[in-house]
Amino acid sequence: MRTFLKFSTLVSKGVLVLVCSFFLTASSNAYPIFAQQNYANPREANGRIVCANCHLAEKPIEIEVPQAVLPDTVFEAVVKIPYDKQIKQVLANGKKGDLNVGAVLILPDGFEIAPPDRIPEEMKAKVGKLYFQPYSAEKKTIFVVGPVPGKKYSEMVFPILSPDPAKTKSISYLKYPIYVGGNRGRGQVYPDGSKSNNTIFTASAAGKITAIEPAGKKGGYTLTIETANGESISEKLPPGPELVVNIGDIVGVDQALTTNPNVGGFGQGETEVVLQNPLRIQGLLVFFLFVLLAQVFLVLKKKQFEKVQLAEMNF
């Protein structure tokens, strides 16, 4: 039995590796979900989310949560990743396609994705078919989503379950921060440091371009640069970016050889939510009730006093 379980575990891991490998090559290994391979914590000490290491362009995102929530209740965290739905991005094969989106949500300790049986039907419809994966076994309050189609999920709804301090003594009724990162489109750099085909390519040496040849069936080009000392440098350019140089051009070090095809980008933000004590709300309501009653009594007392004064004047 143990042998069978070990074999099943190995098979599961193997399938997971194959799936991840597919996304790495076919889509982009710069989505938030792939940061898991290189970073134990997606949020660095300076507050920067590591997805920005691969998504070099900066784009805005938004997050909306209630100002305050009660313990052991389900609420929505809405992450908005806006972009022009008409634009196309360069895919790994050099062709144009729709943009995907991804997000990472960093919750405070005690907060979690609500179990399906706690999510209201109306909220389930907003969530759609999104799958929220924990960042790691150690980081159970960090969740990643994506890549998913941007046209359908540029606005993501996370169903969050708030903790109950009565059940978890380490939780208090306080204001808690929530951090989020979101990207649209593919990254420019892979986690190993190599460039994707969704970025600009520059010359590694100064000199004259002596040849531009197609790289093969998959597309792309091979440029030959002849330096001042007669050395020939080959520059391999993947399919996707468009050439901006011609044979005979003189280029300098780090001069652009292609356009920058990137139309996406990454952004991050933060917000706060108050875990509200129900007793405080009840106490506040009682206080308002006493204030209201006091106001009523004052009005009645004032009218009574005015009647007495009027009676004395008539007398």
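Here the Cβ of each residue, glycine as well, is placed from N, Cα and C on the backbone.
Copied over from Swiss-Prot:
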- 1-30: signal peptide (SIGNAL)
- Y31, C51, C54, H55: heme binding site (BINDING)
- 281-300: transmembrane segment (TRANSMEM)
Position of peak Cβ density within 10 Å, selected from the binding-site residues C51, C54: C51
Coarse DSSP state, helix versus strand versus coil, of C54 (heme binding site): coil
